[in-house]
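TrEMBL annotations:
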ACT_SITE  Tyr51  active site, proton donor
BINDING   His107  substrate binding site
DOMAIN    17-191  domain 'NADP-dependent oxidoreductase'
DOMAIN    204-264  domain 'NADP-dependent oxidoreductase'
SITE      Lys76  site 'Lowers pKa of active site Tyr'
TRANSMEM  281-300  transmembrane segment
Amino acid sequence: MPWDLIKLNDGTSIPSVAYGTWRLGSGDQSVDYVDEAISVGFSHIDTAQGYGNEAEAGKAIRESGLARKDIYITTKFSNRDGLTIEEAIQSSLKKLGVEYVDLYLIHWPGYAQPDIPTAWAVMEKLKAQGLTKSIGVSNFEIPHLEILINSAKVYPAANQIQIHAYNFQDQLPLIEFGKKYGIVSEGYSPLIPITRMPGGPVDKPLNEISSRLNAKPEQVLLAWAKSKGVVVVTSTTKKERMEGYIAAGDLPLTVEDIAAIDEAGKQGARQQTARTFIRRAVFICGLGAIALGLAGALGIDIL
Ligand SMILES: NC(=O)C1=CN([C@@H]2O[C@H](COP(=O)(O)OP(=O)(O)OC[C@H]3O[C@@H](n4cnc5c(N)ncnc54)[C@H](O)[C@@H]3O)[C@@H](O)[C@H]2O)C=CC1
Ligand SMILES: O=CCc1c[nH]c2ccccc12
């Protein structure tokens, strides 16, 4: 199945893969990256006030010649430049050169000032004014969503969070909680097992599946993320990889492939927990040794 649309709780639909502009920088080169992403088939651009390249994304969207309705734009309130949420969306719309965005997110719970209910009421107003078709959040955990839902007239359409093979089990309760309220999860940084955590247990099934399907490991990870029913938010500056990401929507992963990555991911998470525990223990022992040494040097008997 190719990358398709996912229905949101407000009746709109969202393309299930997005090209993200974080760390693309600003200037002509980032316009070219977004241009290329659109030309290879991305129809969903994920940007943010804080990424500093909404104007570049907007220029690329205009250059694509696509009708506004054929491109899905997500941007986020990142609490930058001293702007309120209302001022920030106006600034984003101006930079993007559009009259509305498709999805507007509060980038981080801490950016919901003075508190989540007040900030969310502003988001609801922006939707009512037609400045955004859908409203949502990012990096919200269950307690943040509970606070929001208790005061909301409109439930968030989406929660954009980090989802990859090594944290999937930890994120599952949040994803399930979202489902209960019709909140679609979007998963960013799906390629962490190869970008930031290579050499872990996921490598083995990943390499086996990639070889069997004659696919790149990043394609298998994207297809795995897609299998979880989330919107996959990824990025690259390389055209060849962009093409691979789009093609990954058709990768025929089997139930067994998905289970093998799930299992390896769980194992990696356990290893990570053990490593963190050992590192902390070594750190604490080190501090203890320093304290003992200092006490000895000062002639203080602390034992
Ligand atoms: N809401 C939020 O707080 C956040 C949102 N995001 C969104 O998600 C998007 C994607 O985030 P990323 O962390 O960049 O996601 P990602 O996990 O998709 O990583 C993309 C990186 O992986 C590299 N890559 C691809 N294949 C590779 C391979 N075989 N070996 C080594 N590297 C490889 C790409 O070239 C690129 O640099 C962002 O641009 C942004 O739009 C990202 C982080 C936080
Ligand atoms: O989206 C990526 C991480 C992030 C969270 N808040 C901000 C603000 C500005 C740039 C990046 C980010």
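Just so it is clear, glycine is given a Cβ too, placed from its N, Cα and C backbone atoms.
As a whole-number mean, the pLDDT of the domain 'NADP-dependent oxidoreductase' (17-191) in this prediction is 98. For Lys76 (site 'Lowers pKa of active site Tyr') paired with the residue listed as 'active site, proton donor', the C-alpha to C-alpha distance reads 9 Å. Across the structure, Tyr51 (active site, proton donor) and the residue listed as 'substrate binding site' are spaced 11 Å apart at their Cα atoms. Summarising the environment of the residue listed as 'active site, proton donor', the number of other Cβ atoms within 10 Å of its Cβ, over all protein chains shown, is 23. Least packed by the Cβ count within 10 Å, out of the recorded positions Lys76, His107, is His107. In three-state terms derived from DSSP, Tyr51 (active site, proton donor) belongs to a helical segment. In the three-state DSSP reading, His107 (substrate binding site) counts as coil.
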